[in-house]
């Protein structure tokens, strides 16, 4: 991955990314994830979840990922995680950190892949991404 940007603010420049079908969130370095969550006005609820005010989703910024000079953009409706618990909708940030990641390493899980068709070509050791229509 060449970069991750929000409002032209760059959070990683020439960093490594793993696209992981077994991960739900977008995981990155602690300092960068904390800055991103701050930009998204994330707060912690009583259970420690990174929550976002559901009424503000349309006001949140788009997030741009760059791979091999090709831009892939997630709009807030694509990256905000919504779940209903006891008839209450909770919105949360997909950005989390794990202290065991190497520096400049990102793991892009379902919160990223849900917007794109993802093709794993093991023979050629490459991954293809294309926007999914209607998502």
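Count begins at 1; order follows the chain as displayed.
Glycine residues also receive a Cβ, built from the backbone N, Cα and C atoms like all the rest.
According to TrEMBL, the protein carries these features:
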type: DISULFID; residues: 54-91; note: disulfide bond
type: DOMAIN; residues: 1-130; note: domain 'Peptidase A1'
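Predicted-model confidence for the domain 'Peptidase A1' (1-130) is 91, expressed as mean pLDDT. The number of other CB atoms found within 10 A of the CB of residue 91 (disulfide bond), across every protein chain shown, is 20.
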